[in-house]
């Protein structure tokens, strides 16, 4: 998942930064190198860390965590988030850093299977007790070995401002009908019911995922993502039909808007709610953060209730070509420590610590609610583009979902097209 | 029996081999090799590593039949070419003609029109977002409209082409301006004496003498249209109505996707289109020289 620079406010600076990112895509490398200021070299030499934390908050958070690492000197190479992600193949095949930021689940397994990651099962023997089984599973490759250190994660939910809801007397909906009724009421109150943005293509995946998991359950989500189900299946069509029913309550002109702009409409009390990851908190000014709350997307099918959510895990992997494997393992061990993750969750209120040992007393009210939400879910999905093949997600699903958002009525032809393209990719 | 004199000494041959050889190696290695490799790869299914599977023309049939962005990209590339060729380039010429008449403040206009040319198209893309954004854009704020300029796929390609043309006009203008300055004023005087009005003098006398400049501008326009990439990539990664062939190649090959065979097939299509123009241009050129 990518956090594109906003067009508003910080725009020009970030814009210029991304402008340099474009040639970087073409060159297949790029980014800025900054030696981490506080780290003095220890006995394990130098370790390089490839980071996609190009946004201000995550970048600062990582730098602070690394300052506490004393066993080796760490050099952080920060690359624009999207650029990093799109170049990952070339990066891992070329001259990758020793440690790199990446995502759990299918996305991790995909590269581990190709021998591009170093097996860190030995690190897991030491830190394994700090993680729940769900996190261990999300870090394990198809061969049963661990390749990933979960660092932070963030749940997807429907966010709103408490003050607005109290003023208007809204209650979090428990069913789809209640959600629709609430949205209607908001329209009557001159609010955009559901803030929405899909210029970058991925945010719509969150809406699709949650409706799909509410209607068809987690197992169907996983097997659909693995290419084992047909997209022309009536169950998939039902998801799009339901989504279409909600479309009139979504913020219009969404294909020209970034998530940051949609989040701003929530901040400015112009929209009533917003289905997004908890990183939406990054857009809230400090003084308004306490006003941000959320509810989990309401139940649609009683069989599945609200038992699944998207809660993508971000973490670290050691590349197969790592030059300093010992230093790299020491570094990921440091990142796996609850104390490191505490620093990150304190600096970035949109994330939760992956380690069970993490100190949750420092959590904000929002983070506490987030942790509670995740602990109640019996299934945690990683998000559409992390649960399926990257080529399918980027070249098929993004254009297809954008085309649905543009013309919600044309479901049948769209699903036929997705199925044909899927057949060409999963063969 | 006449003694056959050797035409080339050993040294000549060495020089020849080095001179031509280096050029040939560079040409084959950097141009023809990769081109032929792309053509070959376009008939395979390959993810950049692992085994290469030969699948014949399947990528092409998938492209044409089952990949909706492809036709959208072809259409946009053609639109881009037509728009630059029929709107932006003539407008650049028009500006050049006006400026050539030494209006008051012509230097000011000249720099103002030329200014965008120093910007990279990616930067023009960012500027375009500031202007066209639905929520915060200057255009909606000033006009009071609430059009989704960049998100609505029936209009976004047009507004983006306007942004691209903003830069192209300046480029074309400066080239024509240089050409116009070089036109012998005596020609215009002679035309005037013969009773030609301004319009006739321009189209019958001045424009034909600009022929070498026209060829350069034509080539630039075609190149600009086919290589368009950065502006749409900066705006929305070339999706949702802003697809271009160059973007699809990148999206499939360079992106996380790594569909090298499929992306190569798109690249081959782009090559064929480019070759069409190059061959037409070269054959024209050679015909005249004869």
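Cβ atoms are placed via backbone N, Cα and C, with glycine included.
Just so you know, TrEMBL annotations never went through curation; they're auto-generated.
According to TrEMBL, the domain 'ABC transmembrane type-1' annotation covers B:74-281.
Here TrEMBL flags B:12-32 (among others) as transmembrane segment.
Within the same chain, residues 106, 109-110, 113, 157, 161, 164-165, 168-177, 179-180, 202, 217-218, 221-222, 224-226, 228, 244 sit at least 6 positions outside the transmembrane segment (B:78-99) and bring their C-beta atoms closer than 8 Å to a C-beta of that stretch. Annotation comment: TrEMBL describes B:78-99 (among others) as transmembrane segment.
Annotation source TrEMBL lists transmembrane segment at B:111-132 (among others). Sequence-distant neighbours of the transmembrane segment (B:111-132) (same chain, 6+ residues past either end, Cβ-Cβ under 8 Å): 95, 99, 138-139, 149-150, 159-160, 163-164, 166-167, 169-171, 173-174, 228-235.
What TrEMBL lists as transmembrane segment is B:155-178 (among others). A Cβ distance under 8 Å defines the sequence-distant neighbours of the transmembrane segment (B:155-178), meaning residues of its chain 6+ beyond its ends; these are 76, 79-80, 83-84, 87-89, 91-93, 95-97, 99-100, 110, 113-117, 119, 121, 124-125, 127-128, 131-132, 147, 149, 210, 213, 216-217, 220-221, 224, 228, 231-232, 235, 240-242.
Same-chain residues lying 6 or more positions outside the transmembrane segment (B:260-282) and placing a CB less than 8 Å from one of its CB atoms are 35, 38-39, 41-48, 52, 55, 59-60, 62-63, 70, 73-74, 77, 218-219, 222, 226, 245-246, 248-253. Annotated transmembrane segment per TrEMBL: B:260-282 (among others), in sequence order.
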